[in-house]
Amino acid sequence: MNNKNEPFIIHRYKSLGYALKGMFLLLKTEASIQVQFSIAILLTIAGFYFEISSLEWIIQIFAIVLVMSIEALNTGLEKICDFVHEDFEARIGFIKDIAAGAVAISSLGALLITLILYIPKFI
Ligand SMILES: Nc1ncnc2c1ncn2[C@@H]1O[C@H](COP(=O)(O)OP(=O)(O)OP(=O)(O)O)[C@@H](O)[C@H]1O
C-alpha cells in the first residue's frame with residue numbers, strides 16, 4: 001500500500017514496482033496476453049529477418065504496444081465486472097462486450113499494419 005507522506009521519489013519508485021508486477025501478472029495469468037506476447041516475439045524475429053527500417057520498427061512496436069495495452073485494460077475491466085457482479089447481468093455483458101470491442105479494433109489495426117509492412121517483402 002502506498003503511503004502518501006513518503007518522499008516523492010520513493011513513492012514513484014514503489015509505483016513503478018507495482019506496474020512491473022502488473023506486467024508480470026498479465027503475462028503469467030492471462031492467456032490472451034500470452035498469445036499477443038508470442039505474436040510480438042514472432043514479429044520481432046520477422047523484423048530482424050527482413051531488416052525492416054527504423055520507421056517500420058516504430059510502427060510495428062507501436063501496434064504491438066497498443067494491442068497489449070488495450071488488452072491489459074480490458075482484462076482489468078473484466079476483473080472489476082466479475083468483482084462487482086458475479087451473476088448474469090445484461091449491463092455487465094454490455095460493458096464486457098464494448099471493452100472486448102476496443103481490443104478487436106486495435107487488433108484489426110495491428111493486423112492491417114502487419115500486412116502493409118510484410119506483404120511487400122514477399123512480392
Ligand atoms: N456477468 C455477465 N453477465 C452477462 N454477460 C456476461 C457476463 N459475463 C460475461 N458475459 C458475456 O460473456 C462474454 C465473455 O465474457 P468473459 O468474462 O468470459 O470474457 P472473455 O474475453 O471470454 O474472458 P477471458 O479474457 O478470461 O477469456 C462477455 O463479452 C459478455 O458478452
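Cβ coordinates come from backbone N, Cα and C, glycine included.
Computed from a predicted structure; not experimentally measured.
Residue environment of Glu78 (ATP binding site) contains 16 other Cβ atoms, counted within 10 Å of its Cβ in all protein chains. Taken from TrEMBL, the feature ATP binding site applies to Tyr18, Glu30, Glu78, Lys96, Asp97.
DSSP assigns Glu30 (ATP binding site) to coil in the three-state reduction, placing it in neither a helix nor a strand. Residues near Glu30 (ATP binding site) in space but far in sequence (CB under 8 A, at least 6 apart, same chain), listed by position: Glu71, Thr75. Residues or ranges marked as divalent metal cation binding site in TrEMBL: Glu30, Glu78.
Long-range Cβ contacts of the transmembrane segment (31-51) within its own chain (Cβ-Cβ under 8 Å, at least 6 residues beyond either end) map to 57, 60, 64, 67-68, 71-72, 75, 103, 114, 118, 121. Under the heading transmembrane segment, TrEMBL lists 31-51 (among others).
The transmembrane segment feature in TrEMBL is assigned to 57-77 (among others).
Annotation note: Glu71 (substrate binding site) sits in a helical segment as assigned by DSSP. For Glu71, the entry in TrEMBL reads substrate binding site.
Feature annotation from TrEMBL assigns active site, proton acceptor to Glu71.
According to TrEMBL, the transmembrane segment annotation covers 98-119 (among others).
DSSP gives Glu78 (ATP binding site) a helix state. Across the residues annotated as binding ATP (Tyr18, Glu30, Glu78, Lys96, Asp97), the widest Cα-Cα separation comes to 28 Å.
Cβ contacts within 10 Å of Asp97 (ATP binding site), excluding its own Cβ and spanning all protein chains shown: 10. Around the Cβ of Tyr18 (ATP binding site), the number of neighbouring Cβ atoms within 10 Å comes to 9.
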